[in-house]
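Before any comments, here is the structure.
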Amino acid sequence: MSLTSTIALPVTGLTESGITCHQVHYQLTPEELTAQAVQRQEGELNDSGALCINTGEFTGRSPQDKFIVKDIITEDTVNWNQFNIPIGEKYFHQLKAKMLDYLNANDEIWVRDCYACATPAFRLGIRVITESPAASLFAHNMFLRPAEEELEYFKAEWQVIQAPGFKADPAVDGTRQHNFAIISFVHKTILIGGTGYTGEIKKGVFTILNYLLPQFKDILSMHCSANMGKSGDVALFFGLSGTGKTTLSADPSRRLIGDDEHGWNKNHIFNFEGGCYAKCIDLSAEKEPAIFRAIRSGALVENVGFYEGTQEIDFSNRAITENTRVSYPIHYIPGSVEPSIGGVPANVFFLTCDAYGVLPPISRLNEAQAMYQFISGYTARVAGTETGVTAPKATFSACFGAPFLPLHPAAYAEMLGRKMKAHNVNVWLVNTGWTGGPYGTGNRMSLTHTRALITAALNGTLQKGNWEKDPVFNMDIPQSCAGVPQEILNPRSAWADKVAYDEAAAQLAKLFNENFSKYADRVPAEILIEAPLAV
Ligand SMILES: Nc1ncnc2c1ncn2[C@@H]1O[C@H](COP(=O)(O)OP(=O)(O)O)[C@@H](O)[C@H]1O
Ligand SMILES: C=C(OP(=O)(O)O)C(=O)O
């Protein structure tokens, strides 16, 4: 086995993990990985120097093909459902052996050691083994990057093996189809095959942390972004994929802590990751300057198109997917906090992309309403993030992250409830979806307005104004906010057809109630009475 590496260290444990491929590229720099990808014609540079690749058949996650090995650890603890699909241990072993044979038959592979969890006490060493330099660059950008001296003592507790070119045989491998992501807690391994969508790598690691941290470290794991004001006040933005966590946390007046995955320990919050994975559909320097400028050398852009005859990205191009993405290290966002740790949050925002256009652009929640909304996780699956979703699709995604939660949602909700109560946190529901009508009739909420509302909530000016109650959802709605037209604050007044609004609101209230019925026996009465009024 020969090794290319920019650091003069032996890589431990490779042979033990079954890697015998004769050329192993270990811990290469972003420049080296980018150059290799270009040379192998797996990608090209845009005019600002970022590596642009196509991820192939899959440009979004495939939740139906994500499995957890049902074994002695997981059998009685995982909340088996449509997101936590069991697979037998024999299939894990079978597929791992086949994947290793496949990788070892390649001329070269890439190995990268990295960490998850910014707080040193909770750090998890992860080894990411890939068949392409671009996937190794993704791991470099998204996870925490150990310093060279840390590599000497690095312990790869978990392994991610990613081979998009390897395809399972569903007839013998226990999968649904040729692509799969399989997590084994006994063997501390994630196998990803048949798909090149890099999001599977990060969300696979997120899934294991969502299992381990609440159960064994008493840490609440959260699908949220986080940033910090000048006085150190922390805000969290929960939301299912594509609802605005990355966009809204990249706020030039605040410091970014992380864009997607965090833990809440007793007295601080910390990022799991070391980078961001932003959607770049319709990205512009004017609307999202920090993200736009992060697209430069070292960044990895997925599935975009160029203006003809140029290397300039056409961010409006949807030819491959709506789920165009860029990954970059967190320090590409000016002023980001490193290590990515902050104090107890003062404000929590639940971002809901309401495809019905019924919910107010912002509402203030009391404690019980906050729990009701968190458990409900009402939002939309946006186009492209999951395979097969081509238009926003209303969904209830518990804790705003159901596809990544191996435990019952009540486990996370109870922890969040205790923490919010103990720290007197302000909780807001923000509709980043539709206004003036449902998807197809109304408009997507203006980003400028959403930002103005969040700023007013954070600086306290919103609290000082007058409020009214939403008659169906019973939440407080502000009557005014600087920079936001008054008529959109109350969603009913934003709809031209009031009868249609009332019908849509009643329909949504009904859906809320139907969805919540499955939690009724685990939730106290003071939360149950916050259900929207269903007529
Ligand atoms: N009002 C809004 N608030 C937040 N995002 C919006 C809004 N309107 C449009 N968007 C777009 O929605 C997408 C949100 O994606 P992103 O921030 O990456 O989501 P997440 O990090 O939650 O996956 C971005 O492309 C953003 O430009
Ligand atoms: C990457 C994903 O989500 P997010 O946009 O929340 O990072 C995803 O769901 O595949």
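Cβ atoms are placed via backbone N, Cα and C, with glycine included.
Positions annotated as substrate binding site by TrEMBL: Arg61, Tyr197, Lys203, Arg325. In this view, Arg61 (substrate binding site) is surrounded by 24 other Cβ atoms within 10 Å of its Cβ, with every protein chain counted. Taken residue by residue with DSSP, Arg61 (substrate binding site) is part of a strand.
Following the DSSP three-state reduction, the secondary structure of Gly239 (ATP binding site) is strand. Taken from TrEMBL, the feature ATP binding site applies to Lys203, His223, Gly239, Leu240, Ser241, Gly242, Thr243, Gly244, Lys245, Thr246, Thr247, Glu288, Arg325, Thr450.
Sequence annotations record features per position, and here TrEMBL assigns Mn(2+) binding site to Lys203, His223, Asp260. Asp260 (Mn(2+) binding site) carries neither a helix nor a strand DSSP state and counts as coil.
Among the binding-site residues Arg61, Tyr197, Ser241, Thr247, residues whose Cβ is positioned under 6 Å from ligand 1 are identified as Ser241, Thr247. If you take the CA of Gly239 (ATP binding site) and look 10 A around it, the binding-site residues you hit from Arg61, Tyr197, Lys203, His223, Asp260 are His223, Asp260. Largest CA to CA distance in the substrate binding set (Arg61, Tyr197, Lys203, Arg325): 14 Å, whole number. Close contacts with ligand 2, defined as a Cβ under 6 Å from any of its atoms, occur at none of the binding-site residues Gly239, Thr243, Thr247, Arg325. For Arg325 (substrate binding site), applying a Cβ distance below 8 Å and a minimum sequence separation of six or more within one chain yields Thr198, Gly199, Tyr277, Ala278, Lys279, Cys280, Val301, Glu302, Asn303.
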